[in-house]
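Notes for the one structure printed next.
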Amino acid sequence: MADVNEMKAVTENSIFTQVQRMGHEQVVFCHDEATGLKAIIGIHNTVLGPALGGTRMWDYASDEDALEDVLRLSRGMTYKNALAGLNIGGGKAVIIGDPKKVKNEALLRRFGKFVNSLGGKYVTAEDVNMGDRDMEYISYETNHVCGLAPTMGGAGNPSPVTAYGTYVGMKAAAKHTFGSDTLAGKRIAVQGAGSVGSTLVEYLTKEGATVYICDLFEDRAAQVAAENGAHVVGMEEIYDLDVDIYSPCALGATINDDTIDRLKCKIIAGAANNQLKDEIKHGKILVEKGIVYAPDFLINAGGVIHVCLDHFTDYNRDRAMAMTERIYDTCLEILEEAQKQGITPQEAAMAAAQKRIDQVAKIKSVL
Ligand code: NAD
């Protein structure tokens, strides 16, 4: 018979304990023998509206890792969507498996049927290892998909809107830090010359900033640099540059034990998700070092604003850009609040998102 401590450990690691700790409303395990589908849908919070968040496909080392990821990502969407001022909640889905080996039409359509069975409580979108065609397959089985390609009647790529939000968020951080939001004459390091990074560089150089850019593919960085009058730097060199602003627009977790002491910037403001390897530890070190961190999930929300308006309204680009522009005011408020309370910007942003959810919850029962 298991002793009391063993039983306690099992209880503490049980799925319900994990779900309770993260505050989820519902977690759906999707399994289908015929297509080999194994997926988990995490619905974190629907107080503000249907849970919206992308579907990620990943060859997880274990089912536990997949569950942990979907719980963490769906909770993140609740905060991102709330802070963006959208009337949607937070959700996310993961499909377990190597996309090169298991992804096919039948599996994706079976997943679409699971999404459909939730009756709109969860709305899915594209995420890591999912492309336009994959979303098209899912959309054959459910209307609860957003961010579809223009060929499928969607408003297309959200990246330009994400880049705009990142740009205005960066300007707000500059206003907070330097007393002026102008980026002219500022030295800015952009990591990643992809869809978001390349458009961001355009905004920055147009305003007169000196931009340094790197990419895993050097030719990509070289092309963006040539088109915009920026300077190519090495992938490691980017952390050591003497710049005013560092803008991570490639990968997550680039602010970590190895890089944090190398950074000489005054501001970090970029589009990449989960930039802080350890939210609490690295968030606090940045405050101690006097580096202002514009929370990623706040300033990269342009993309979700774009797909949300596309799905729930008659899409209008000007409206999407106007809503995205509000990131400037929100970012300024969050940075000021963090300073006032002596907490990290990440903590202030999460508290502001939770406050909005709690306030809206009060009027939920009123028609
Ligand atoms: P992308 O794939 O188009 O571009 C990423 C670029 O980063 C690629 O060119 C890649 O070669 C490069 N890269 C990868 N590893 C690198 C490294 N170690 N150093 C330098 N460059 C490296 O992606 P994107 O759509 O531009 O998104 C950029 C980031 O922003 C991602 O983290 C994404 O999750 C996040 N994000 C994007 C959106 C959006 O609307 N596209 C919205 C929210 C968040």
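A Cβ is built for glycine as well, from the same backbone N, Cα and C atoms used for every other residue.
Bear in mind that TrEMBL entries carry predicted annotations, made automatically and left uncurated.
Residues or ranges marked as active site, proton donor/acceptor by TrEMBL: K92. Neighbour count (other Cβ atoms within 10 Å of the Cβ, all protein chains): 29 for K92 (active site, proton donor/acceptor). Taken residue by residue with DSSP, K92 (active site, proton donor/acceptor) is part of a strand.
Summarising the environment of G197 (NAD(+) binding site), the number of other Cβ atoms within 10 Å of its Cβ, over all protein chains shown, is 28. In this structure, G197 (NAD(+) binding site) is part of a helix by DSSP. Marked as NAD(+) binding site by TrEMBL: G192, A193, G194, S195, V196, G197.
Neighbour list (G194 (NAD(+) binding site), Cβ cut-off 8 Å, at least 6 residues apart, same chain): S159, D215, R220, C249, A250. Within 8 Å of the Cβ centroid of the NAD(+) site, not counting the listed residues G192, A193, G194, S195, V196, G197, the chain contributes S159, V190, S198, T199, L200, D215, C249, A250, A271. Shown in sequence order, N157, S159, P160, A163 are the residues of the chain, 6+ apart in sequence, with a C-beta less than 8 angstroms from the C-beta of S195 (NAD(+) binding site). Comparing Cα positions, K92 (active site, proton donor/acceptor) lies closest to V196 out of the binding-site residues G192, A193, V196, G197.
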